[in-house]
Ligand SMILES: CC(=O)N[C@H]1[C@@H](OP(=O)(O)OP(=O)(O)OC[C@H]2O[C@@H](n3ccc(=O)[nH]c3=O)[C@H](O)[C@@H]2O)O[C@H](CO)[C@@H](O)[C@@H]1O
Ligand SMILES: C=C(OP(=O)(O)O)C(=O)O
């Protein structure tokens, strides 16, 4: 198995360019199903989740040419199967993003029901309710959802109970080809949804209001392929900014390739913690905090504090001069990371969806396990400042969403390596 080994205590400096956003690229790949022909996506991150989405599309009959490491040409002309199979959905829940486009283009889809995951139950009831309002009939058997719109889809008003990212995206992608107008109220406002709507509009869709709570979609007859560049990954950027806040030398670290407006609440909270962050073109320069102020944080849909930055900010608050409370409102099970950080010396008490974090003077390197994608990356970041060596296992989680994480950290001067070690179970 592979692990990441970090030798703590080395200052970092220089520039890191973030990749395209995982949470955008996956949906843009799914959206290519709506436009028969070859769509080219640029700035696609080379991460394992993108590889899984590629497999989902290929199993349906799409062809994918890798033009260079970050450019994919996806031809969906010959798609002849409308199924997202269990082996791939179980690997990556975002495979369910093909449901909306399949319904939009073919009026049917067969999707393996995603089970829960290490973040919690993660139901898709809002996707189903919303698509049902557009005229889709659902049936489930043998672990699959069969979605059918025999009369085609018809636009209508849909109010989401919660601003779900996935439900908003599936609804938009189904509604672009529905008859008439769909209005999604309480839509999610994440920048990746704006990126999706932008690409769909380039393809000929008529979507207004993406990035606001009310999205209006006027159905069109057909969409055409385009070339589109994936928006920069704000969460990867936030992860490197937290690393800089802990370990940058006096010149700071430049994090570029993303729009700081998309990370507004994270930057605000980091500034309240005493981290200096200067806006530069296409990114920020972040400096090490002399000491870290405690701060209370609650995760919320965009523009609130993103749940995908909760673990990384917990690393900083665990070293603050005082007590912080971190409240997780999006996923019921996203504090598993806290127990791993405690193994490194943090003082954190979790009660329900609150984590009481009492700042300590430092971390000590330890063997820890990635509980999930962001938790894994945050443990590597904690290792940068820990005394001694930190070994992070289960790094397949990190590979889902961070392209060349180790190489990028090393380019900043961190002492981090990826090692193959014998699996202890084989001993
Ligand atoms: C691939 C991708 O883009 N993943 C992101 C997406 O996940 P995802 O699209 O799964 O997140 P949602 O916004 O849909 O989910 C938020 C919450 O709503 C619940 N829910 C959602 C849909 C539904 O039908 N029923 C229901 O109960 C979920 O269980 C969760 O507790 O947004 C999350 C919230 O910003 C991010 O953390 C993920 O990184
Ligand atoms: C939770 C995340 O992703 P996913 O929805 O793909 O599990 C994440 O990116 O942190």
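A Cβ is built for glycine as well, from the same backbone N, Cα and C atoms used for every other residue.
Automatic, uncurated: that is what TrEMBL annotation is.
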Matching residue for the UDP-N-acetyl-alpha-D-glucosamine site, where TrEMBL names 93, 308 - out of 74, 280, 330: 330
Max pairwise CA distance, angstrom, over record-listed UDP-N-acetyl-alpha-D-glucosamine binders 93, 308, 330: 16
Remaining residues near the recorded UDP-N-acetyl-alpha-D-glucosamine site, that is with C-beta within 8 Å of the centroid of the site residues 93, 308, 330: 119, 122, 165, 307, 331, 334
Largest tally of Cβ atoms lying within 10 Å of a Cβ, found at which of the recorded positions 23, 117: 23
Candidates 22, 23, 117 (recorded positions) - the one closest to residue 330 (UDP-N-acetyl-alpha-D-glucosamine binding site) by CA: 117
Position of peak Cβ density within 10 Å, selected from the binding-site residues 22, 93: 22
